[in-house]
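Enquirer: Following this message is one structure expressed as structure tokens.
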Amino acid sequence: MPAFKSRIESALADRKAQGLNRSINVVFSGNQSILECEGRRYINFSSNDYLGLANDQALVRAWQQGLSVYGSGSGASPMVTGFSAAHSNLEAALTEWLGYERAILFGSGFSANQALLLTLLEKSDVLIQDRLNHASLMEAGMLSPAKMKRFKHNDIAHLNSLLSSEDNHLVVTEGVFSMDGDCAPLADIAEVTSSHDAWFAVDDAHGIGVLGESGGGSCELAKVKPELLIVTFGKAFGMSGAAILCDHATGDFLTQFARHHVYSTAIPPAQAYALTHAVSMIQEQSWRREKLTELNEAYRDGLQDLDGFVETQTSIKPFMIGESELALQVASACRQNGIWVTAIRPPTVPKGTSRLRITLTANHTNEQIKTLSMALKQALGAL
């Protein structure tokens, strides 16, 4: 048997034996609070569409308007003919809103994170990351020529001990951690990095749009401005793509040397057109964030007495189970009661910390939270 085939079959068999096999579910209802799968309807508590913009008709119309003007695709790299007025307007809207000189667009958050670290870092640099950072950041750190260190999750003292004034450091954290829903102590990290003359980068995929007075995210809430800010459009924006916010020189550097940017087809101009509308909607429609605050309170009131409850100030609500098989059982029992929640297992989270990753969106209702609470109580009682 060829080595590749043997290796593939062995890896798949091991994954199944450990109870960690994953499958793809085909849904028919789009990204909404109610989803349809295999002929059944569920209340969807697994969507990252935090502000409920993905199916907002104003945003759908903006997509349609963009399509009528620009067609379906960009047709080229941004460095050739793929950068339209729609892309330029989106970059301008982002920089004005978030207070940076440049915004460089990418097709995904994964791509943006990889591009940033692989382009910026050299062998003489030291990269210091929170140990719970996203896989895209960790992989990029391992692939980069820099020396990578990891500090204990949100541990400022440990971070400080890893910094020195002699080395060229880049410190990277998420603003909101995707599996735990907790926030990084950004003000403290900014103070420590500044004292060591280090650069600071924040991946705010899950904070942008949701936190801060204008929806400016974790950094707006903490009143900090890192040298580098990564925002993604696949969560609160209701679409996909990402941008790196930075100063003029760094923006020019990424434009010239970031291979993910130079050698990729630009995102569709109609998408950029719609994203520009989303930027305005996020800032102007604060009622969406207010609705999330209300739902957070309803979630706490309904579930705080259950073993596994974890309180967060964000839309991400980890419900801790422990073992992978138990997490799958609870998720399955919830689905039998019309609740779609996803069991998160290793290697996404550390062994022994499997959980349900519950997410709230502005399209949910208090009544749906009550239904979730009852389904969880019933599922846990059956273990």
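Every residue, even glycine, has its Cβ placed from backbone N, Cα and C.
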Enquirer: Which one of Ser84, Ser88, Ser124, Ser178 goes with Gly109, Phe110, His206, Thr232 at the pyridoxal 5'-phosphate site, as Swiss-Prot has it?
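Expert: Among the candidates, Swiss-Prot records only Ser178 at this pyridoxal 5'-phosphate site.
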Enquirer: Cα within 10 Å of Lys235 (N6-(pyridoxal phosphate)lysine) is the criterion; apply it to the binding-site residues Arg22, Phe110, His134, Ser178, Thr348 and give the hits in sequence order.
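Expert: So the list is empty; none.
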Enquirer: Out of the binding-site residues Arg22, His134, Thr348, give me the one sitting nearest to Phe110 (pyridoxal 5'-phosphate binding site) by CA distance.
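Expert: Going through Arg22, His134, Thr348 one by one, the closest to Phe110 (pyridoxal 5'-phosphate binding site) is His134.
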Enquirer: Please work out which residue of Arg22, His134 has the most C-beta neighbours within 10 angstroms of its C-beta, and give that one of the binding-site residues.
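Expert: Result of the Cβ crowding comparison: His134.
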Enquirer: Which residues, same chain and not among Gly109, Phe110, Ser178, His206, Thr232, have a CB within 8 angstroms of the centroid of the CB atoms at the recorded pyridoxal 5'-phosphate site?
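Expert: Everything else in range on the chain: Asn113, His134, Ser136, Asp203, Ala205, Gly234, Lys235, Ala242.
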